[in-house]
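*Asks:* If you look up Swiss-Prot, you'll see 240-253, 262-271 marked as compositional bias 'Basic residues'. Swiss-Prot lists 231-277 with the feature region 'Disordered'. Residues or ranges marked as transmembrane segment in Swiss-Prot: 3-23, 55-75, 79-99, 111-131, 155-175.
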Amino acid sequence: MAFFIFLILVGYLMGSINSAIIVCRTFGLPDPREEGSKNPGATNVLRLGGKQYGIMVMVFDALKGILPVILAKLLSAEPVTVAFTALAAVVGHMYPVFFHFRGGKGVATTIGALLAFHFVIGVMVAATWLLVANFWRYSSLASIASISLAPFYSLILVGNLNIFPPLFMITILVLYKHRDNFNRLIDGKEPKIKFKHSVIEEIMEASPATSAEQEFPGKEVIDTNIDEAEKTEQAEAVKKPKAKKATTKAKKTTSKEETAKKPKSTKPKTKTVKEKE
C-alpha cells in the first residue's frame, strides 16, 4: 500500500507542475488563466503566443504523464498501479496544488501517460486526435473523441479488465473538463483551429518562428504566418519611399555642385554714354 501511495503522490505532484503558466511567465505572455479560453493548456497558449509556445507546452504536458508512468514501470509496479499513476498525473494537471487547483484539461498529459503505459495505445489516441482535428478543425472535439476511445483501445490491445477503471476515470475527467466546449459544439459556437495548412503539416513544420492562427470570439487575430514572398514585397514597399527621398536629395546636391562649378561670365562691361563722349 505504501508503494502504491508513493507512486500516486509522485504522479500527482509531477502533474501539478503547470507548464502553460510557467512558459507564459518565462516568455512574457499573458496569463492563460485570464486570457483567451482561460484554460492553462497547450491550445490556449498556441492562441496567445503562437505555434512554438503551444508545441513547447504540449511537449512538457506530455512529459508530465510519461515520466511518472515510466518510473512506476521501472519499479516493477503492477499494470493496474501504473494505470492509477497515470490517473494521478492527469488529476495533478487538472487540479494542480501549486497553482490554486486551477489547471488544464489533461489531454496532452493523458496522451503522454498512455504512450508510456502502452505505446501503441498512445499512438492510436494521438492519431485519433490528429485526424479529427484535421478534418473538423475543433481541438475540443478531437480531445473528446480521442480520449473517449482510450479505454476501449486498451481493452482491445491489452485485454486486462483491471486497467479499464482508471483509464475510464481519466475519460470521465477529461469529458467533465470539456463540458463547456461540448455545449458550444452543440450550439455551433465553438471556435475552430484555423491553419493555412493541415494540422499535421503545421505540427511537422520545422520553422519555430511561424505563429499559428486561431479564431476566437471577441479577439483580434493577427496572421503572422506570412509567406516569404509576401514578406519581401512588404519590405520593398517600405523601402521605396526612402529610396525616392534619397534620389531627390542626390539630385539637389548635384545641381548645387554644378552651379558652384560654373565659371563667372568674362564679358566686358559696356561703357556708359558719358565715357564714350
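FYI, residue positions are counted from 1 along the chain as it appears here.
Even glycines carry a Cβ here, placed using N, Cα and C.
Can you tell me where each of these features sits in the structure?
*Replies:* Sequence-distant contacts of the transmembrane segment (3-23) (same chain, at least 6 residues past either end, Cβ-Cβ under 8 Å): 29, 31-33, 40-42, 44-45, 49, 53, 56-57, 60-61, 64-65, 67-69, 71-72, 75, 77, 81, 84-99, 103-104, 109.
If one looks beyond the transmembrane segment (55-75) by at least 6 residues along the same chain, the residues whose Cβ comes under 8 Å of a Cβ in the stretch are 3, 7, 10-11, 14-15, 17, 19-20, 23, 41-42, 45-46, 81-82, 85-86, 88-90, 92-93, 104, 108-117, 203, 208.
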*Asks:* Would you kindly list the residues that approach the transmembrane segment (79-99) from elsewhere in its chain, counting only those six or more residues past its ends and only Cβ-Cβ distances under 8 Å?
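*Replies:* Residues 3-4, 7-18, 21, 40, 61, 64-65, 68-69, 71-73, 105-106, 109-110, 113-114, 116-117, 158, 160, 162-163, 166-167, 169-170, 173-174, 177.
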